[in-house]
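Here is what TrEMBL says about this protein:
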- 24-41: transmembrane segment (TRANSMEM)
- 158-180: transmembrane segment (TRANSMEM)
- 192-214: transmembrane segment (TRANSMEM)
- 260-284: transmembrane segment (TRANSMEM)
- 304-323: transmembrane segment (TRANSMEM)
- 335-354: transmembrane segment (TRANSMEM)
- 360-380: transmembrane segment (TRANSMEM)
- 392-414: transmembrane segment (TRANSMEM)
- 426-446: transmembrane segment (TRANSMEM)
- 465-541: region 'Disordered' (REGION)
- 484-496: compositional bias 'Basic and acidic residues' (COMPBIAS)
- 497-517: compositional bias 'Acidic residues' (COMPBIAS)
- 532-541: compositional bias 'Basic and acidic residues' (COMPBIAS)
Amino acid sequence: MGFWAKVRTVAWGAPPATRAEAKLLVKIDWFILSFICLMYFSNYLDRANLQAAYVSGMREALDMEGNDLNKVNTVFTVGYTVAMVPQNLLLQVVSARLVFPVMTVTWGALTMATAAAQSTSHLCVIRFFQGMAEASTFVGAHYIIGAWYREKEVAKRAAIFSSAAQVATLFSGVLQARIYTSMNGLHGLEGFRWLFIICGAITIPIGIYGWCCFPDTPERNRSIVFSKAERELAMARIPPRPDTKLDRTVFRRVLGRWRWWVMSLIWIVGGELESVGSNALMALWMKHQVATGAESWNVPNINYYPQGATAVAVVALLGTAVWTDWTGKRHHVNLVIAAVMVVSAVLILCQDQISKAGVFFAFYLAGISYAGQASNFAWANDICKSDEQERAVVLASMNMWSNAFNAWWSIVFFPANDAPKWERGMISIIVLCPVMVGLTSLARYLQLRDQRRARALGPADEAAALPSLARTQSGADLEGEGGGEGRDEAASVKVEEEGDEKEEEALDLVEEEEGEGDVGARRERGRRGRAGRGESLELAE
């Protein structure tokens, strides 16, 4: 393998085995990744515009004071949080092709309605329902990513998806600065009101695009964009999963395992380590410096300068995603974030003793905290792949609990009037960093323990052989006694055999369309893999 081929493999993963799979992967990236990125871009644009509007005239126009901004953000978070798990489970029974576009158009319309707000109370009502409409976006998209992509492909796509939010934040600041200088007062409307109108107008066409082109999950894909052979191949290329059900056993299955508990705790901490960026502390710090006469920055400066942290976040997301897909060690990212955030928090606390450039560096460095969005949700997709409903609940719960804590955390530790140092907030970050290290170490230990148990059973697909898997197939199995490990092994073997049959059928369809030569190598690899699994089972017996 040449140098550039190695670079390509590290940066984007191994090339697809056949032309048919390469063509399919391009379609998946184009029609799925493009839509969820555009959806999340508009989602975060509609969130970030509130912070941009606040420092661009909304505070004065609506007579906002004290913690009013934190209260509005908290009301949004409450709506976002209460709808999160229900909406992610809704994706199990209602097509994502319907849910995502409808919710996108809804929050776009609510964003435009924000331009008419005349008080903080108006903002609270609108943002509550906007939060509910946006609830499925982040965790729902991670669920879709986990359904379409292989383990070595997930983190990079998750990073690109998460980067869409950072690009939206960057774009929002630039957009607000341009609107403020060119549209402020146009037709009697302040610049911040035009921001809400324009952002809503950007969002609604994205929802329409999703309705036309988004294909849902591989199993429910009925899009005309994909041929029958491609639909079959899309299902065959993903390791087969046991046929778990959305029934009364779901929460018993989920709460009886460590993944829900530990991953939720990890993302509670991870979400609060993003507080410097998520609470727009740099913009508030700059506004405080202007208010006290320490600096003479204008409104465009306050919108532009914090975007350096956003650029750092994008680089961190993409860089760590490449690393974790290449090594498979998702937990490394949390350790880096913990170390970096201690440094950032200490520098902000000590800003009186360092230069202005040092304070800028501290705020920019905090952008690395966003790297956990890709790695932790990719990690959850990895470890929950043996149970579709568990995966949906764990992904939603991680974000739900993070937002539930952030609803009061930002008010207690990061109120706007605690600028410029936010002593309580920075101390809380310093305390949370070793907690993150401990939780991450625990999750990694439990993951490796499960993998050792799976290897002891013999099947090549270790995820399918995780303890208690067979007993989760139905309520009757959950209540049964004895024979657990035998059922686990039988279930995993059955799943592998069904997956092999599906891949053979998919390759037959591809052969009809593209000829035998292109898929011969892949078919042979599949046969060798099945032979290997047979040997493994004989040894296990």
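Just so you know, glycine gets a Cβ as well, placed from its N, Cα and C.
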Take a look at 24-41, 335-354, 360-380, 392-414 and tell me which one has the most Cβ pairs under 8 Å to the transmembrane segment (426-446).
335-354
Whether the transmembrane segment (260-284) meets the transmembrane segment (158-180): three or more C-beta pairs under 8 angstroms
no
How about the transmembrane segment (304-323) with the transmembrane segment (24-41) - do they touch, taking at least 3 C-beta pairs under 8 Å (6 or more apart in sequence) as contact?
no
For the transmembrane segment (158-180), could you work out the same-chain residues 6 or more beyond its ends whose Cβ comes under 8 Å from its Cβ atoms?
33, 36-38, 40-45, 48-49, 51-53, 56-57, 141-142, 145, 191-192, 194-195, 198-199, 299-300, 303-304, 306-307, 310-311, 313-314, 317-318, 320-322, 370, 373-375, 377-378, 381
So if I exclude everything within five residues of the ends of the transmembrane segment (392-414), which remaining residues of that chain have a CB under 8 angstroms from its CBs? That is, six or more out.
67, 70-71, 73-74, 77-78, 80-81, 84-85, 87-89, 91-92, 138-139, 142-143, 146, 250-251, 254, 259-260, 263-268, 270-272, 275, 278-279, 281, 376-377, 380-381, 384, 422, 424-425, 428
Residue numbers, six or more beyond the limits of the transmembrane segment (360-380), whose CB comes under 8 Å of its CB atoms
139, 142, 154-155, 158-159, 161-162, 165-166, 259, 263, 266-267, 270, 273-274, 276-277, 281-282, 285, 305-306, 308-313, 316-317, 319-321, 324-325, 330-334, 336-337, 340-341, 343-344, 347-348, 351, 391, 394-395, 398, 443
